[in-house]
2 protein chains.
Amino acid sequence: MEWINDGNLDFLKKRKVEAKEEAQKSVASIISNVKTGGDEALKAYTKQFDGIALEAIRVTESEIREAAARVPEQVLKAIKQAAQNIRAFHEKQVPQSWTETVDQGVVLGQKVTALDSVGVYVPGGTACYPSSVLMGAIPALVAGVKRVVLVSPPQKNGLIADGVLAAAREIGIHEIYQVGGAQAIAALAYGTESIQPVDKIVGPGNLYVMLAKKHVFGDVAIDSLAGPSEIAVVADETANAGWIAADLLSQAEHDRLSMPVLVTTSQAFGKEVEQEIEKQLKELPRVEIASASVNNQGKIILVKDIQEAAAAVNQIAPEHLELATNDPHEILPLIRNAGAIFLGKYSSEPVGDYFAGPNHIIPTNGSARYASPLGVDSFIKHSSIIEYSDVALQANGQAIAAFARFEGLEGHARAVEKRMKGAVIHG
Amino acid sequence: MEWINDGNLDFLKKRKVEAKEEAQKSVASIISNVKTGGDEALKAYTKQFDGIALEAIRVTESEIREAAARVPEQVLKAIKQAAQNIRAFHEKQVPQSWTETVDQGVVLGQKVTALDSVGVYVPGGTACYPSSVLMGAIPALVAGVKRVVLVSPPQKNGLIADGVLAAAREIGIHEIYQVGGAQAIAALAYGTESIQPVDKIVGPGNLYVMLAKKHVFGDVAIDSLAGPSEIAVVADETANAGWIAADLLSQAEHDRLSMPVLVTTSQAFGKEVEQEIEKQLKELPRVEIASASVNNQGKIILVKDIQEAAAAVNQIAPEHLELATNDPHEILPLIRNAGAIFLGKYSSEPVGDYFAGPNHIIPTNGSARYASPLGVDSFIKHSSIIEYSDVALQANGQAIAAFARFEGLEGHARAVEKRMKGAVIHG
């Protein structure tokens, strides 16, 4: 962990990972080939990148059932309980349509509609993330999206991971395709013989998935561009150094580029956490990844008071933020930029990653400055409602026409004036 | 206008405008040069593209005041009234933070925060769109964004259009820069000596502005990628053909690529509208643009009933939709995809473009399938709140650890187990 004692957070400027032009070109070519080649292109790329010769692109019902049967009972139970909690939280996010009658019989409002179809990308390869299935798909289901599709690359055994299929089955998702990478994003955006295109693509993935999402953005919607993830913990000497070290390591074990940051008012506490990290690190199975993260990205930022702590957090705009001080509610109002905020000593980050209910697909890489966790609002859109009365049109028509004419849009002015009683129609 | 009598809407597939590689390269190079060259690069591009040798990049207070004084009183009054209506509508969109105590003393919720800074792009050149200032900036102000910045290219006289500056002044925006194009987007995204970077860039622009927004997306937030705009009017024989023709033309006069579409159950009415368009078109000042739009993009879609009409609309996903049938509320529930919906015969599109209150920055080019008009939600983000109690952690810790361990994230499991009383700590 690198100590920062002078408030200089310039390390944040180096966070952005510039995508290499080569990777961008490769992604553009994959997308173009899937557009023209369809299923055959998907199969060729799956052979090339995943080493798997797919027979069918869609996972069958019996494959889903058999995979779920291989998952331990205890894990299935945890998936079920997590799904319930995630559903309950997201149900509180559902927005309602509204209309309101304002002056002169004018009705204005918003009509809320779910998207028709959504694709959820679930990372695969050597990893297995059933939690990503729940977090990506449940908000869409709660929003009322009728078609929720899952894509995930096949593992070395030629199948999507059992846990991923089990989680999909638990929440009632049956349209699942065993393709990953940029080719899966292209298929979801433009369609192939097997895969109908969707309106929006969500879910985290590797650099190629991210570049592909950026490429298709505008033809379909995407959630956000996921980058390396962060945790910032604000803690004082009342916190348990062993617990805080474990939380920082839980972020570090994700990825070499993960950034674990401790912000503390106490140098002694910071040193204690540092020692705990060193101790616990050695005993972690993913010690190699976690060490790289801790050594290259890890920071301990020493601050004077909670104002300085909050200022540092707001500059970092972390994906995850733990407030583990004696009175976390004292700092909370000062926090402007953070994806998910964990308060108090029992709110360890993994509680939110898996179980509590709020989403774990959260803005990374400082984008909590302007973005929100995935939620029901990611899967609905609203339409404005405007119903003007005759009275209101007569009363305001002149102002509207004057405004339009000033902008040089005579046709706009005339469309209104034609409806005005006794108005002089120009032209 | 082209008649479509067989329900075949394949013309929609041709809507997407593929950006030429040349334009993309040019935009990438402009952005890179502004990143390194700062203000000097902005001035060089303004000379090259707008023909103006800028002395200062920021517009002065006296320039704003003098510009506003040159705008006719009647227009200033219309701007003021429109601003009031827009503010009133968007105030109804402001979301609230919430927390809720669920089982076992667990508190979950969402904290809503406005973005810190936003840049609004206002198109310029030969046009003058004060309405774009109001629609782009007011939702940000209502959301509580502290720094709202305006950029717009200088006109041939070397100044931003009077109306644009007058509208900015009316709503209290004073940080205004006279730069446009991809160079303005680059400056807002990465900053120069004169312009501090912002968190989000909104507002419509030409192809270069759009490509630049897509390029910087991910480093900053953007609203959407604006394309050619559409109006669809659903009308039966009870509608006034002259009024409907005028509404279709008000869209057509925007741009050669604008798409005016009539969807009607009555062939006779369709023919009447067609004749009215021909008659009114000749008398429009922007006859050349409107003719190109009507002749190349205009469609009359003949349908059997309102079900077919709604199905056609949902496929088009128009930016603007007028429901000008005898009972518009009969169709409204069938509409899934439309940016702004105008109901009844007095709700002419320009009423919404300028005045009613809902936003006129609306998803174009079919993106109403998945996107919403600009609004207060475009300028806030929310953070999840998770506060777990000791009791809840003890009760659920085993499930959380089992889930984490199944995903191969041992560090996550341990972070939770360390907090569990009497738990066996693995490893």
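Backbone N, Cα and C define each Cβ position, glycine as well.
Long-range Cβ proximity for B:E319 (active site, proton acceptor), meaning a same-chain Cβ under 8 A and a gap of 6 or more residues, is found for B:S229, B:E230, B:I231, B:A338, B:G339, B:A340, B:I362, B:P363, B:T364, B:N365, B:A368. The feature active site, proton acceptor is assigned by TrEMBL to B:E319 (among others).
Summarising the annotation, TrEMBL assigns active site, proton acceptor to B:H320 (among others). Non-local neighbourhood of B:H320 (active site, proton acceptor): B:S229, B:E230, B:I231, B:A232, B:Q251, B:A338, B:G339, B:A340, B:F342, B:E349, B:G352, B:I362, each in the same chain, at least six residues away, with C-beta under 8 Å from its C-beta.
In three-state terms derived from DSSP, B:N206 (NAD(+) binding site) belongs to neither a helical nor a strand segment and is classed as coil. B:N206 (NAD(+) binding site): 15 other CB atoms within 10 A of its CB, across all protein chains. According to TrEMBL, the NAD(+) binding site annotation covers B:Y121, B:Q183, B:N206.
Annotation comment: TrEMBL describes B:S229, B:Q251, B:H254, B:H320, B:D353, B:E407, B:H412 as substrate binding site. Listed in sequence order, B:S229, B:I289, B:S293 are the same-chain residues six or more apart from B:H254 (substrate binding site) with CB atoms under 8 A from its CB. According to DSSP, B:H254 (substrate binding site) is assigned to coil rather than to any helix or strand.
Feature annotation from TrEMBL assigns Zn(2+) binding site to B:Q251, B:H254, B:D353, B:H412.
Across the fold, the C-alpha of B:H412 (substrate binding site) and the C-alpha of B:Q183 (NAD(+) binding site) stand 45 Å from each other. Following the DSSP three-state reduction, the secondary structure of B:E407 (substrate binding site) is coil. Listed binding-site residues: B:D353, B:E407. The one with the lowest count of other Cβ atoms within 10 Å of its Cβ is B:E407.
Using a 10 Å radius centred on the Cβ of B:Q183 (NAD(+) binding site) and all shown protein chains, the other Cβ atoms total 30. Taking each of the binding-site residues B:S229, B:Q251 in turn and counting other Cβ atoms within 10 Å of its Cβ gives the largest count for B:Q251. Checking the recorded positions B:Q183, B:S229, B:E319, B:D353, B:E407, B:H412 against chain A with a Cβ-Cβ cut-off under 8 Å leaves B:D353, B:E407, B:H412, in sequence order.
Within 10 Å of B:E407 (substrate binding site), counting C-alpha to C-alpha distances, fall none of the binding-site residues B:Y121, B:Q183, B:N206.
Long-range C-beta contacts of B:Y121 (NAD(+) binding site), restricted to its own chain and to partners at least six residues apart, with a cutoff below 8 Å, comprise B:G136, B:V151, B:S152, B:G180, B:A184, B:I185, B:L188, B:I201, B:V202, B:G203, B:P204, B:G205, B:V209.
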